[in-house]
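Peer 1: From Swiss-Prot, for reference:
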| type | residues | note |
| --- | --- | --- |
| REPEAT | 11-50 | repeat 'WD 1' |
| REPEAT | 57-96 | repeat 'WD 2' |
| REPEAT | 109-148 | repeat 'WD 3' |
| REPEAT | 155-194 | repeat 'WD 4' |
| REPEAT | 199-240 | repeat 'WD 5' |
| REPEAT | 252-290 | repeat 'WD 6' |
| REPEAT | 301-337 | repeat 'WD 7' |
Amino acid sequence: MPLQLAKSLKLHNDKVWSIDFEPVRGLLATGSTDRAIKVLQLKNGKENLLDVLDDTVHKKAVRSVAWRPHSDLLAAGSFDSTISIWTQSDLDLEEGAKLEMELLAIIEGHENEVKGISWSQDGCLLATCSRDKSVWIWETDEAGEEYECISVLQEHSQDVKHVVWHTKHNLLASSSYDDTVRIWKDYDDDWECAAVLTGHEGTIWCSDFSKEEDPIRLCSGSDDSTVRVWKYIGDDEDDQQEWVCESTLPNAHRSQIYGVAWSPSGRIASVGADGVLAVYKEKQNDSEVSEWEISATYKAAHTVYEINTVKWVNIDGKEMLITAGDDGRVNLWNYQD
């Protein structure tokens, strides 16, 4: 089978909303409705629970977690409308060691639930989005102790579900209950909407940029049960960007799609309310039109439970998938064409 369950870890007493992986030391962070944030090390075929962060810091569910690139900082966004920043006390981890994460900062500003957070690739900017229909961009220094809001983006008409930065270009994408994805760009230190992607017929829960530098592409998952691939056409210096829907991926889901992830090797994974984990690959042909096919599906990937998120990770030199669901479990998957 192309998809095989490698491990299933029962980590939380309630649904797991978010996961993020720090590849250098193999650190996995999880956020849950039970308000706990857990940090594990996945290395040498073993999993070691390093720390359970103070579950009294957030008063409601932890909806999103994100490691700062090339850093020891972890950010967590909560339904209590705040974002917490954590730092590691011991950066030299030995096998079997424990790790103490210390609270470094609490960021306040949103008027309602924080749904998504994402660090820019250089780690200088943190984007957050909320049920209050806004996207905030925060600037910080190397220490990550202080955060200044440099822009509040309020062009979405409904709840903003997700934000993600491009890994190579200075672009931010936000996905919303208003059925759109908006692309944001920095114009002389002023963040503005460069494009609005329309076409989905329902809430857009998630999006992810491709890891290639050119062309610039984005995949999105929606309430309408589809995954779409969008492509930027034009010059990176254009003020108003033109994006086209390059492809609607073959139908692998029958319900809402809550998570999408684009791998460094070019595969797209999706998960959702129907409990299906799907992987798609792009057909290799001479056509200018992007064509995709389903490479693998796994039904009931979290038994009868909904799946909230999916990530591609590299563990011990091997590309794998991680999913998290309403069952409080985090599942690790082997994938092979």
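Each residue, glycine too, has its Cβ placed from N, Cα and C.
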Peer 1: Residue list, the repeat 'WD 1' (11-50) vs rest of chain: Cβ under 8 Å, 6 or more residues beyond ends.
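Peer 2: Same-chain contacts beyond the flanks: 56, 58-67, 74, 76, 78, 86, 93, 95-99, 101, 306, 308-309, 311, 313-316, 322, 324-330, 332.
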Peer 1: Among 109-148, 155-194, 199-240, 252-290, 301-337, which stretch has the most Cβ pairs under 8 Å to the repeat 'WD 2' (57-96)?
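Peer 2: Most contacts with the repeat 'WD 2' (57-96): 109-148.
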Peer 1: Other than its close neighbours in sequence, what residues sit by the repeat 'WD 6' (252-290), given a CB gap under 8 Å and a spacing of at least six beyond its ends?
Peer 2: 2-3, 202-203, 205-212, 217, 219-223, 225-227, 229, 231, 246, 296-312, 314, 319, 321, 323, 325, 333, 335, 337
Peer 1: What are the DSSP helix/strand/coil residue counts across the repeat 'WD 5' (199-240)?
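Peer 2: Counting residues per DSSP class in the repeat 'WD 5' (199-240), I get 0 helix, 19 strand, 23 coil.
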Peer 1: With helix taken as DSSP H, G or I, strand as E or B and everything else coil, how many residues of the repeat 'WD 3' (109-148) land in each class?
Peer 2: 0 helix, 20 strand, 20 coil
